[in-house]
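Participant: Checked Swiss-Prot, it gives:
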MOD_RES   Met1  N-acetylmethionine
REPEAT    54-80  repeat 'HEAT-like PBS-type 1'
BINDING   His56, His241, Glu242  Fe cation 1 binding site
REPEAT    87-113  repeat 'HEAT-like PBS-type 2'
BINDING   His89, Glu90, His208  Fe cation 2 binding site
REPEAT    175-201  repeat 'HEAT-like PBS-type 3'
REPEAT    206-232  repeat 'HEAT-like PBS-type 4'
REPEAT    239-265  repeat 'HEAT-like PBS-type 5'
Amino acid sequence: MVTEQEVEAIGKTLVDSTQPLQARFRALFTLRGLGGPDAISWISRGFEDSSALLKHELAYCLGQMRDPRAIPVLVSVLQDRNQEPMVRHEAGEALGAIGNPKVLGLLKQYSTDPVVEVAETCQLAVRRLEWLQQHPGEATCAGPYLSVDPAPPAAEGDVGRLRETLLDEAQPLFERYRAMFALRNVGGKEAALALAEGLKCGSALFRHEVGYVLGQLQHEAAVSELAATLARTTESPMVRHECAEALGAIARPACLAALREYITDPERVVRESCEVALDMYEYENGQDFQYADGLERLRPPP
């Protein structure tokens, strides 16, 4: 049983800007796992922080928790034009993930936002909510991954056909996302290489999602393309950050060199992502039972 005092201690670590970013991330993922109104309240306090990376991760976690009590704070973040585009985008995506149709009107409104990543995110969230209404009771988390995705995976299982849809920029973004998540679920080298080709497509939002999915897939066939995208200083920081975190999750020796090289990058979100990714690399190659270890850090060993 988790006590109120333990949740508070983990929450204080999350919102304490003097703490190392890795510790704050581990606290965040602990709160996400615990759930409930107190966890949501602590996570919501973090949106005043100066780190866009942390704030974007706060929004992501609130979406994954799928608790409608998080809707008001996510709406306020989406509406706040002082928040960085990657933070507003993640708030829009989180509203789609929660799946409550009451935000459909708001998401439609922001589907024409002047920030293209925000507009595209809200368009996808609208399509997801409409899909949920058309397919009541269908599992959207089916498959080997437990994440709540911005689009349900396509029913197609052929990697070649999925690759064609993924890379066809004339197709609706929603259908390309469906192909992306289907490729992830199929898994293996061929799927990883097909996904990695998506890192060269036109939409920055799309490229960043490809980076995220390759991190979930954790296949080393994608390492060279992820490292090349991280190294491309003309690339959107939102995309480079996702590639860095994917390299941390894949956690092969070749990933380590790339992450160390960009830990002093001029873009704050990139260097912070490398910092968090190196912590993830250590976790993947270490003996820790779980990454979200906020409770273990509070409790003495038995």
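Glycine too: its Cβ is placed from the backbone N, Cα and C atoms.
Can you tell me where each of these features sits in the structure?
Facilitator: Cβ neighbour count for Met1 (N-acetylmethionine): 3 (other Cβ atoms within 10 Å of its Cβ, all protein chains included).
The average pLDDT computed over the repeat 'HEAT-like PBS-type 1' (54-80) stands at 98.
Secondary structure from DSSP puts His56 (Fe cation 1 binding site) in a helix.
Non-local neighbourhood of His208 (Fe cation 2 binding site): Ser236, Met238, Val239, His241, Glu242, each in the same chain, at least six residues away, with C-beta under 8 Å from its C-beta. According to its DSSP assignment, His208 (Fe cation 2 binding site) is helical.
Through the fold, the repeat 'HEAT-like PBS-type 3' (175-201) approaches residues 124, 143-145, 149-157, 159, 162-163, 165-169, 207, 209-211, 213-214, 216-217, 219, 221-222, 225-226, 229, 239, 243 of its own chain, all at least 6 residues removed from its boundaries and within a Cβ separation under 8 Å.
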Participant: Calculate the distance in Å between the alpha carbons (Cα) of Glu90 (Fe cation 2 binding site) and His56 (Fe cation 1 binding site), and round it to a whole number.
Facilitator: 6
Participant: Name them in sequence order: residues not among His56, His241, Glu242 whose Cβ is within 8 Å of the mean position of the Cβ atoms defining the Fe cation 1 site.
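Facilitator: Once His56, His241, Glu242 are set aside, the remaining close residues are Leu53, Met86, His208, Gly211, Tyr212, Pro237, Met238, Val239, Glu245, Val269, Ser273.
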Participant: If you skip the near sequence neighbours and keep only those at least six away, which residues in the chain come within under 8 angstroms of His89 (Fe cation 2 binding site), Cβ to Cβ?
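Facilitator: For His89 (Fe cation 2 binding site), the qualifying residues are His56, Val115, Glu117, Val118, Thr121, Leu205, Met238.
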Participant: DSSP says what for the repeat 'HEAT-like PBS-type 5' (239-265): how many helix, strand, coil residues?
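Facilitator: Its residues divide into 21 helix, 0 strand, 6 coil.
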Participant: Between His56, His241, which of the binding-site residues has the fewest other CB atoms within 10 angstroms in the structure shown?
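Facilitator: Per-residue Cβ counts within 10 Å for the binding-site residues His56, His241 bottom out at His56.
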